[in-house]
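*Asks:* What follows is a structure written as C-alpha cells; I'll ask about it next.
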Amino acid sequence: MGSLKNEGEMEQTGDEFMEAILYVNGVRRVLPGGLAHMTLLEYLRDLGLTGTKLGCGEGGCGACTVMVSSYDRKLNRCVHYAVNACLAPLYSVEGMHVISIEGVAHRKLGLHPLQESLASSHGSQCGFCTPGFIMSMYALLRSNKNSPCEEEIEECLAGNLCRCTGYRPIVDAFRVFAKTNDALYSGLSSLSLQDGLSICPSTGRPCSCGSTKTNEAATCNDTRFQPISYSDIDGAKYTEKELIFPPELLMRKLAPLKLRGKGGLIWYRPVRLQYLLDLKAKHPDAKLVVGNTEVGIEMRLKKLQYRVLISVAQVPELNTVNVNDNGVEVGSALRLSELLRLFRKVVKERPAHETSVCKAFIEQLKWFAGTQIRNVACIGGNICTASPISDLNPLWMASRAEFRIINCNGDIRSIPAKDFFRGYRKVDMESNEILLSVFLPWTRPLEYVKEFKQAHRRDDDIAIVNGGMRVFLEERGQELCVSDVSIAFGGVAEVSLCARKTEEFLIGKNWNRGLLQDALKVIQSDVLIKEDSPGGMVEFRKSLTLSFFFKFFLWVSHHIHDIKPTIETFPSSHMSAMQSFSQHCRIGRQDYETVKQGTSIGLPEVHLSARIQVTGEAEYTDDTPVPPNTLHAALVLSQMPHARILSIDDSDTKYSPGFAGLFLAKDVPADNMIGPVVADEELFATDVVTCVGQVIGVVVADTHENAKTAAGKVKVEYEELPAILSIKEAIDAKSFHPNTEKRLTKGDVELCFRSGQCDRIIEGEVQMGGQEHFYMEPHGSLVWTIDGGNEVHMLSSTQDPHRHQNYVSRVLGLPMSKVVCKTKRIGGGFGGKETRSGFIAAAASVPSYLLNRPVKLILDRDVDMMISGHRHSFVGKYKVGFTNEGKILAYDLEIYNNGGNSLDLSSAILEIAMFHSDNVYEIPHVRITGSVCFTNFPSNTAFRGFGGPQGMLITENWIQRIAAELDRSPEEIKEMNFQVEGSMTHYSQYLQHCTLHQLWKELKVSCNFLKARSEVNEFNSHNRWKKRGVAMIPTKFGVSFTKKFMNQAGALVHVYTDGTVLVTHGGVEMGQGLHTKVAQVAASAFNIPLSSVFVSETSTDKVPNASPTAASVSSDMYGAAVLDACQQIKARMEPVASKLNTNSFAELAGACYFQRIDLSAHGFHIVPDIGFDWISGKGNPFRYYTYGAAFAEVEIDTLTGDFQTRTVDIILDLGYSLNPAIDIGQIEGAFVQGLGWVALEELKWGDAAHKWIKPGNLLTCGPGNYKIPTIHDIPFNFKVSLLKGNPNSKGIHSSKAVGEPPFFLASSVFFAIKDAIRAARAEMGLSNKWFPLDTPATPERIRMACFDEFTSPFVSKDFCPKLSV
C-alpha cells in the first residue's frame, strides 16, 4: 500500500489553491499528493479502518463495499451509493463522504438495526464478507426515499459473495427492512419531525438526508417476517442520527484537480468539457475513467501501465440527459445505475410502443455486473472499451443508436453504433477524440427490440454470448413485412458484430414461420466462430446464435398476434421459449427440535463473534496491526508447467523501489523439503519446476505493491520439459504418485459377472471437475522473530496451526518449542487452509528469520487461486451387474484422482472416495481400485467432503443409468437397494443406528414427491422449451479422521474468581461455529450462562500437537476435550460446593481460590473404537455415520442451458443438535457450496481440452472468470429439517457431525437437471436413452445435452463438452 505521509501538489484554480479533501465516517481528511496510484480500499486500511476487506481486488466479491455520498447539483440533493473500494481510485472520491462499516455503528455504543438483525438471524459465519453485505444494504436504505421491496434488496446484494451461509439467513435478516410504514420503526410520527428531517429507512431514526414521505406500498408477503420496531432492537445507545453529509461539502465549489502518483502517474479531474479537451490534446494517450472498473483491472491484473488518468465523472457536459420526441440523449459519463433509473422512468411516462428499446436495456442492465459496479461504471467506458462480450454494445448497434464524438477542437460528428466497432478493442475514434454522448431513438409502432445474454451464472457475470435484435414491420395487406432489421451478437468474434447477411435476407420478407426456418439457415453461414476461438465452447456459442434468434422470432410473433390475428402463430407450448424465468422472493423454512441440556447445549445460540463481525471489529490476519519495521513479501512463481531452471536473474530486482531481499532455495537455513504426509515438495524450487505457480523464491520490500513489483522483475530462464496435464494423460503415461494404489474388495466380483446371476451388466465412465475453495479471506501469514531469532512467532490464516509450527521449525532448523503459531479466526477454509497454507508461512519465515524483521505475506486472489490447490478432479470407470428387477449384485470400480505435482493429502482423499463409493447401497460383490495421478498442476488438496462426494457421485450416476436401462424411476432403484441396520460395508464396517429409511420416508412426505413428479410431468407436457426435473438423493457420510493417530484433541480451561471461564483448544474457528459450540459445552458443564465463557485464540503454545480442524469432527473432539477439563475442575470444586451454600458460580470459584484449589485443567479426548488396516481391508475407519437426504426441483431453459432451482427440501440426522441454528447454517452453506460444484463452478486449465489457454495455466483464477453461487442462485423454497428423536450415543451430548455430510446432497440439483434434460431429449425421441452429463452441469453442458434442431447442425446427440480433469 502507499504511504499517507507523502507531500504532493494541489491544483491551483485562479488565485486559490484547491485543497483535496475527503470525509471518512464524518472525519475531515486532507488528501496529500502522490497517491494517484492508490485505491480507496488501500487508503481506508492504512487509516486503520480494516472492517473493509480485500477479498479479490477486482470488484467481484463485494467484501470491500463502502457507501459514498456526494452532492448532486442537478438534483439539488445528496446521493448515496455503494461502491467497490478495491477499484475506486482514491482521488475519484475527492470532495465526497465515505462511510465504511466503522461509520455505521460500533459494538460498544450499540449495534445498528441492520447489524443487529444480521447477527441475530445467524447471517454471519466466518464474518469476512459480512461488512460488505451490511454496507450494500445500508447504502440501499440510505439511497431510497421509501423502503425497498424484497426484490430490490436481493438485487442490491447480488454483487456480494458469501461462501459460508448459503445466503438464506442474510436474506431473512434484511427482509425485515422491506417494511410497510416508517413509523413502525421509530415510534415517531413523520408529522412530529422538524422541517428537513425524515425517518431514515436505515435506522428508523431522524435523518436529514431523505424525504419526509412514508412508504405505503411495500409489504412483507411472508407473515413470519413482520416489521420490527426500533424499540425491539438493542440499539438504545445508538446515535440519534445517521452521519450527515458534511456541510462543508455542500458549500464547496467543484474545481479541477491535478495530482500525482507512483511511477510518474498523473491524475486529472476536469470539471468543464473544454478543459477535458485541452487535456486530451496534451495527453492523447491518456485513459479516461469514471468508475475505473476496466482500467483498474487492466493496471492490476494485466500489469498495463498508464501515465495519465483523466477522471471525467464531474464534467457536466458528459452527464447530460435530454429526453425529447425523437428519443433520448445521454452523456457518455452517465453511470449505468443512472441509465437504468432513466429508462425505468421513461417506460412509465412514454407510450409503450416508443420504449421497446428501453425495456430491452432495463432487462440487460439488470444482469450487468453487481450493484457496486453499476453505481460507478459509465456508458462511455463500456462502449469505448469495445469488449467483444460487452452486454450493451450489441443493443446499441441493434437499436439504431448514434454515438456523438467530439475532437479537441470542439468539432462534433455522429456515427451509427453498428459502424463504430472496428476490431478487437478498437473503435472508430482518433486519439484526439472522445465520446460525447449517445442518442437512442424511440421505437416506432410495429418496431420491436429484444436483448439476449447467456453467461455461466445468471447475474454479475460476463457473457458467453449476448445479442441485441430489432425488427421494424410494416403492413402489406394481411401480411406484415420486414421493413428494417438489426441482428447483433457479442461473444462470437473479436468484436461485437452484426449478422449483415441475415439482415439483408430478412428485409422485404413476410413475417411467418417459413421465414424463421430460412433465416436460421442463413445465420449458420453468417455467424462463423473459429474452432480455436478464445473462450472455447464453440459449438455452444454457435447454437446460442440460433436459439437467440428463435426466441426473438417467437417473442415478436407473440406481440404482433393481437394486431394481426390472421398471421400464422406457434403452438402454445412454444411460448416458453420467450418467457423469462419467473422471479420469486426466496423463502427458507427450518424444522428442528430443541433438546436442552444444561444452560446452553441444544439452544440455537448466536455465533459468539457475530456482533463484532457485523461491526467490522473482528480481526483477521491481514487486519492485525503490524510491528514496526515490517516487510511485505511476494512470491516468485514458475511460469512453466514442467521445466528445468537454467538461470535466475535478479539484477533488475535489486534496484526496485523498497526492495529488501530475494530469497531462494540456497537461502533456506535448514530443510527445503516439506509435505504433510510425505516430504515430496520443495519450499523453493531448485533445479526443476513441476507446475505453473510453483514457488521459486520470495521477495521482500517495504510495501505489498513494491514487493509484487520487485518479484515481477526476477527473470527466470527455463528449458521446457514434457508436461502431463490431465488424468487421461497420466493414466496413459502411468504417471502416479508412488505407493498410492489402493484396493478394497467384498465378495467375488469376477465370479458374479461370470456366473450369470446378473441379468444385465453396464460399463461406463464418470468424470468430474475440481472446485476452487474461494474462502473469502485469502491465504496470509505474519511472521516475526523474538530475542534476535531465538524464537519465531506467527499469525496465520490456517486450519492447522500445528502444521505451520512444524513447517517453520523444519525450514529454519529450530525446535518446535521455539516456534509459535496463533490463529484467532479465519475467513473460511473448507479444507483449503488445512495443508496448503503451511508453505506460505514457511516461505515468509525465511526472510523474517534471516533479516530479523517481521514479514507479512498475503496472497492476492488470483495468485491464491492459481497456486494453493483445489478439490480433486476424478475419473471413475465402472462396471455394474444387476437383475431385471433392479437389484444390484456386483460393482467394479477403477477410480483416479488428480493429485497434482505433490502428494499432499491426495492419497487420503482417494481412500475416502473409495470408502464412500457404495453411498447407501447394499452391494454383495465389490472391487474398488484407486490411484493418485501425478500431473503438472499445483498440488490439489482437501475440500469439504474430502473425496466422499466424488465417490458417491460416481455411484449415483450408474444408479440413474440402471433406472434408465430398466425404464423405472431412480427412486425405486435406490429404495430396493438401501442398506439396513447391520449391513456390512465393502470395508467390513457394520452399520449401527442406521436412520436412512426413516429420514427417506419423512422426506418423501415432506416434499410430497409423487405430487411433485406429477406436476413436473404436467408442466413438461405443456412446455416445449422449458423443462422441469426432480430428484431425491440420499447420503451416508462417515465421521472420523481415517488416520487413527489424528483422532485426538486437547483443551485448556481456566476458571477465574469472578466466575468467568476461559477456554483454549486446538480447533480453529472458521465460521462453522466451533468456538460457540465448545463454549456451550463449557457453559452447560458449569451450569453458567454462555456469556460467562470466552474462547481464546488457537495457539500452539497453549494446546500442543493439535490435529487440523477438519473432517467434521472438531465439535466432537474438542467439545469432549473441553468437557473433560471442565469435569476435572468440577471434581475439585465439589468438596467446597458441598460444604458451602454459595449463591453463584462466581462465589464458588472465589471460595475454591481461597482454598487453594487448582481452577485450571487440561482436557484430552481420544476417539475410541476406530482403525482400519489396508492390508487386510478390514476395520472401522469411522466412529459413526451422518445420514441425510434431499429433494430438488429445477427448471431449465433448453435453448440456453440456463436453470433455476425452484425447491430444495433437506432432512439430516444430527442426533441431538448442540446448536440447531449453527447446524442449519452449516447445512445450507454446504448445500449451496455443493450446488456450485455440481452446476456452476468450472476450473479451466491450459490442457488438451482448452488449447487456447497457455499450457498449465489456470484461466479461472478470480471472480471475473470463476463463478460461485450468488444470492440469486439459491432455491426459491429452501427447507431444512433435522431428524427428531434420534440421539447419537457416540457423539458429544448425543450430537452428530455436520460440516461435510450435507455437501453431497446438492447433487439432487444435478440429477434434477438431468431429469429435466431427459424430458427435453424425449421431445426428440430420445426418452429412454442413457446420456452422460459431466459435472459441473454448466449452461453449456445443459444446453448441449438438450439435443434439438438448433444443436444438430453442430453436434451429435452424444456430444459432451470438454472438461479439465
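The backbone N, Cα and C atoms fix where each Cβ goes, glycine too.
No curator has checked TrEMBL annotations; they are predicted automatically.
Sharing the record's features from TrEMBL:
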- 18-104: domain '2Fe-2S ferredoxin-type' (DOMAIN)
- C56, C61, C64, C86: [2Fe-2S] cluster 1 binding site (BINDING)
- C126, C129, C162, C164: [2Fe-2S] cluster 2 binding site (BINDING)
- 260-445: domain 'FAD-binding PCMH-type' (DOMAIN)
- L288, V289, V290, G291, N292, T293, E294, V295, F368, D391, L435, K453: FAD binding site (BINDING)
- Q799, F830, R944, A1111: Mo-molybdopterin binding site (BINDING)
- E834, F946, T1042: substrate binding site (BINDING)
- E1300: active site, proton acceptor (ACT_SITE)
*Asks:* How many Å separate the Cα atoms of F946 (substrate binding site) and N292 (FAD binding site)?
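*Replies:* About 40 Å separate the Cα atoms of these two residues.
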*Asks:* Non-local Cβ contacts of E294 (FAD binding site) (under 8 Å, 6 or more apart, same chain)?
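*Replies:* Listed in sequence order, they are A377, G381, T385.
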*Asks:* Give me the CA-CA distance between C162 ([2Fe-2S] cluster 2 binding site) and C61 ([2Fe-2S] cluster 1 binding site), in Å, as a whole number.
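*Replies:* Computed Cα spacing between C162 ([2Fe-2S] cluster 2 binding site) and C61 ([2Fe-2S] cluster 1 binding site) is 8 Å.
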*Asks:* C126 ([2Fe-2S] cluster 2 binding site) has how many other Cβ neighbours within 10 Å of its own Cβ?
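*Replies:* Other Cβ atoms within 10 Å of C126 ([2Fe-2S] cluster 2 binding site): 29.
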*Asks:* Name the residue among the binding-site residues F368, F830, F946 whose Cβ has the smallest number of other Cβ atoms within 10 Å.
*Replies:* F368
*Asks:* My understanding is the cutoff is Cβ-Cβ under 8 Å with a sequence separation of 6 or more in the same chain; which residues meet that for E1300 (active site, proton acceptor)?
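*Replies:* R944, G945, F946, G948, F1037, A1111, S1112, A1230 - these are the non-local Cβ neighbours of E1300 (active site, proton acceptor), listed in sequence order.
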*Asks:* I'd like the number of other C-beta atoms within 10 A of the C-beta of T1042 (substrate binding site), please.
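*Replies:* Taking every protein chain into account, the count is 20.
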*Asks:* Just name the most isolated of the binding-site residues C64, C129, L288, going by other Cβ atoms within 10 Å of its Cβ.
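*Replies:* Across C64, C129, L288, these binding-site residues, the one with fewest Cβ atoms within 10 Å is L288.
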*Asks:* By a simple count, how many Cβ atoms lie within 10 Å of the Cβ of C86 ([2Fe-2S] cluster 1 binding site), its own Cβ left out?
*Replies:* 27
*Asks:* May I ask which of the binding-site residues C126, C129, Q799 is closest to F368 (FAD binding site) if we compare their C-alpha atoms?
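*Replies:* So, spelling it out, the nearest of the binding-site residues is C129.
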*Asks:* I need the nearest neighbour of L435 (FAD binding site) among the binding-site residues C64, C86, C126, F830, T1042, using C-alpha distances.
*Replies:* C86
*Asks:* Under DSSP, the domain '2Fe-2S ferredoxin-type' (18-104) has how many residues in helix, strand and coil?
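*Replies:* The counts are 14 helix, 29 strand, 44 coil.
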*Asks:* Can you list, in sequence order, the residues of the same chain other than Q799, F830, R944, A1111 whose CB lies within 8 Å of the CB centroid of the Mo-molybdopterin site?
*Replies:* G829, G831, G832, E834, A942, F943, F946, T1109, A1110, S1112, G1299, E1300
*Asks:* C162, A1111: which of these binding-site residues has the sparsest Cβ neighbourhood within 10 Å?
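*Replies:* Comparing Cβ neighbour counts within 10 Å for the binding-site residues C162, A1111 gives A1111.
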*Asks:* Which one is it: of the binding-site residues C126, C129, C164, Q799, F830, whose Cα lies the shortest distance from the Cα of C86 ([2Fe-2S] cluster 1 binding site)?
*Replies:* C129
*Asks:* Inside 10 Å of the Cβ of R944 (Mo-molybdopterin binding site), count up the other Cβ atoms and send me the figure.
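*Replies:* Here the count is 26.
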*Asks:* C61 ([2Fe-2S] cluster 1 binding site) has how many other Cβ neighbours within 10 Å of its own Cβ?
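*Replies:* Step by step: centre on the Cβ of C61 ([2Fe-2S] cluster 1 binding site), count other Cβ atoms within 10 Å, giving 30.
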*Asks:* Within 10 Å of C61 ([2Fe-2S] cluster 1 binding site) (Cα to Cα), which of the binding-site residues C126, C129, L288, F830, E834, T1042 do you find?
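*Replies:* Among C126, C129, L288, F830, E834, T1042, the ones whose Cα sits within 10 Å of that of C61 ([2Fe-2S] cluster 1 binding site) are C129.
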*Asks:* Measure the Cβ-based neighbour count of L435 (FAD binding site), defined as the other Cβ atoms within 10 Å of its Cβ.
*Replies:* 25
*Asks:* So how far apart do the substrate binders E834, F946, T1042 get, largest Cα to Cα in Å?
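*Replies:* Maximum Cα-Cα distance: 15 Å.
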*Asks:* Looking only at C-alpha atoms, tell me how far E834 (substrate binding site) is from C64 ([2Fe-2S] cluster 1 binding site), rounded to the nearest Å.
*Replies:* 26
*Asks:* Out of C56, C64, Q799, F830, T1042, which of these binding-site residues is nearest C129 ([2Fe-2S] cluster 2 binding site) by C-alpha distance?
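*Replies:* Ranked by Cα distance from C129 ([2Fe-2S] cluster 2 binding site), first place goes to C64.
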